Amino acid sequence: MKISMFTLLAALSGVAAFQAVQPHRPLSKLTPLRISTGDDMSEQKSLDISKTVYSQTIKSPKDSYLAFAEKGASNAKMGKMKIFHQAVMGGAYVGFGGLLSFCIAGNIGGIAAQNPGIAKMAFASLFPVNLLLILTTGGQLFTGNSATVSAAKYEGLVTWRELWRSWGVSISGNIVGCTLFAIAAWYVGLLTGGTADLLTSTALNKCRSTFGQTLLKAILCNWMVSLAVFLAGACNDLTGKLVGIWFPISTFVAIGLEHSVANMFIMPAALLLNVPLSLYDVLFKNVIPVVIGNAIAGAFVVAGSYSYQFGKLGKKSLQKFEKWLEAHEATIAARRAIIEAQDATSKAIRAMAVNGNTMPNKDMSKLF
């Protein structure tokens, strides 16, 4: 098989390289690279480089959404114990990511005091390791399920019962996994020094906002987390998944938004360190509004939006709009016919008046 050197260079280095070495040759004249398939060298197939690379590395937005919904259906249709087990593992992985971030960001001392942004960057850049572990090993988080399982419900892939079961079991497993990991970290002496200081100050700050502020922070947070799950599912290789996860997760962490499962590790760990917070403070000033906000973001902001754009929700809305439009047009046509009939009647009356004719009242009423 013979391949033009210039054609191969264009295939490997891109359009810019091709035009640099052959500026006089139009790009439209480029011959597609041909690759043999099978033992028969006579059987060859044209390869559209741009489309093949795209399909091998990342799905289209619509295909990504459909895969997102299918993931939700797969998660929801598992047995309760499997969902619970995966959720416990997911909670533990969130604990690993959180502890890593607290250990590094909490022990950079003077650097953090002089440059607070450095501490935020260190914390945010390390925390995404938890979602990478979860999505590549099959773990489950309530935050992710609030989006993926909702998408599956919009597409008719799961029932309401399966959705509520998925949410309830996954959040229970996340609580168990995060709490057990916090206890383990405390027991072996990892929650000390700068790590403990940062952890306690973080827990206190999370309980200082109003219910509404915390709710909105949670909505914004799970918007990013659900997009991270969406992007990870869109990518077909580990590097792509890592990039797709890292940017949205580091964004919400650096901003200081509220993630319910992360807080399920932070709050028990802080209570073990005797932080001045009551169980009431933890539940009503943080956990409850954060869970509600995360669910709103997953179910409506992300799953609802993309179902409207690419799935059945948009098709149903379009069908309803078309029916309304047809009914509206029929109403307008009927009103127009009535107006035309009234005009014709008025003309007839005027014509009879000019001719000196009269019409009984009972006959006049029939014209209207």
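Each Cβ is built from the backbone N, Cα and C atoms, and glycine gets one as well.
Feature annotation from TrEMBL assigns signal peptide to 1-17. The transmembrane segment annotation in TrEMBL covers 87-109, 121-142, 171-193, 214-232, 238-257, 286-308.
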* Asked: Same-chain Cβ contacts of the transmembrane segment (286-308) under 8 Å, 6 or more residues past its ends?
  -> 61, 65, 68-69, 72, 142-148, 150-151, 154-155, 167, 171, 206-207, 211-212, 214-223, 225-227, 230, 258-260, 263-264, 267, 314, 317
* Asked: Under an 8 Å Cβ to Cβ limit, what residues of the same chain, 6 or more beyond the ends of the transmembrane segment (171-193), are close to it?
  -> 83-96, 99, 103, 106-107, 140-142, 199, 260-261, 264-265, 268-269, 272-273, 291
